[in-house]
Amino acid sequence: MNESRWTEWRILNMSSGIVNVSERHSCPLGFGHYSVVDVCIFETVVIVLLTFLIIAGNLTVIFVFHCAPLLHHYTTSYFIQTMAYADLFVGVSCLVPTLSLLHYSTGVHESLTCQVFGYIISVLKSVSMACLACISVDRYLAITKPLSYNQLVTPCRLRICIILIWIYSCLIFLPSFFGWGKPGYHGDIFEWCATSWLTSAYFTGFIVCLLYAPAAFVVCFTYFHIFKICRQHTKEINDRRARFPSHEVDSSRETGHSPDRRYAMVLFRITSVFYMLWLPYIIYFLLESSRVLDNPTLSFLTTWLAISNSFCNCVIYSLSNSVFRLGLRRLSETMCTSCMCVKDQEAQEPKPRKRANSCSI
């Protein structure tokens, strides 16, 4: 009798151990079951790399704006700074799934951690996407209404717009705490998020109709019309050159492309990157919530592809701004100059005499 009870107890322990191991080794890309290290290595490397790039890139943008007061005179800088702060917090928040993949306990119930993390990331990405749309509207007004632009876009209105963006982003994902469904797949690193917190077709449609679709439409509409205006300006310039040929015009044509064409190329890159990173996520979000497709690998890849937009934002929107590039160059020169001054001071200070066999540069 005792032996039979002991056998049953061992079987139960072994089965529970197998379940725990499978739960512990479940990795989003399906490369779990590591026999040597109990870590989702590939997923951890991807998230850590993205976290480092997002934090480093957006910290650079924030630091340049802080040290270059000239940038504050441009209305676009309000949205770029807001986007940089939101994307920076996205990078910091990405440390949470990294710790989960490394199997560090958060000290909080997994369901609560999953819900809070998913909500925060969704809000931050919403702020970032709304800022992208506002930047496109700002550039559209600057080109289509240059005379009344200063009256339409004032610092006070910009601050109100940024506050409304944060409030709207916080409210639109709030129903996820009241059983409406999962707001995204950012928390699917957690086991509870992936298996117990399901998406809802109605809530997904609600988010897409009130956030993703309007932002994508605004970006596409404004940049398409800006691109169209740039082409029209280029055509008018070429017509004037044909009517009034001169040596200066010919030489300027040979030296490089017109500013309108360069600006159009910047807009093309911005729009292309935006849709390449966000469109796969939105499509999968709709298909999975409609129970048409369910693939953890696609969920992981599309989610972190969209999150990588937080790094691409600071690269494209900042480096495409000539004033920002100037501020970054001056900041780099200042830092290099200060380093050289420190080295010169150290060189001028008397140093103890070195022995003959010591190394000196």
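Cβ coordinates are placed from backbone N, Cα and C, and glycine is handled just like the others.
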Membrane side match, Glu43 / Cys156, Swiss-Prot record: no
Position flagged as N-linked glycosylation site [Swiss-Prot], chosen from Asn13, Asn58: Asn13
Candidates Cys40, Cys170, Cys193 - disulfide partner of Cys114 as recorded in Swiss-Prot: Cys193
Proximity verdict for the transmembrane segment (117-137) and the transmembrane segment (160-180), three or more C-beta pairs under 8 Å: yes
Recorded stretch that, among 160-180, 204-224, 266-286, 297-317, has the most CB pairs under 8 Å to the transmembrane segment (45-65): 297-317
Folded-back contacts onto the topological domain 'Extracellular' (109-116), same chain, C-beta under 8 angstroms, at least six residues removed: 96, 176-177, 187, 190-193, 196-197
Long-range Cβ neighbours of the transmembrane segment (160-180) (under 8 Å; 6 or more residues past either end): 78-79, 82, 115, 118-119, 122-124, 126-127, 130-131, 134, 200, 202-203, 206-207, 210-211
Per-residue pLDDT averaged over the topological domain 'Extracellular' (1-44), given as an integer: 49
Fewest other C-beta atoms within 10 angstroms, as judged across Cys114, Cys193, which are the disulfide-bonded residues: Cys193
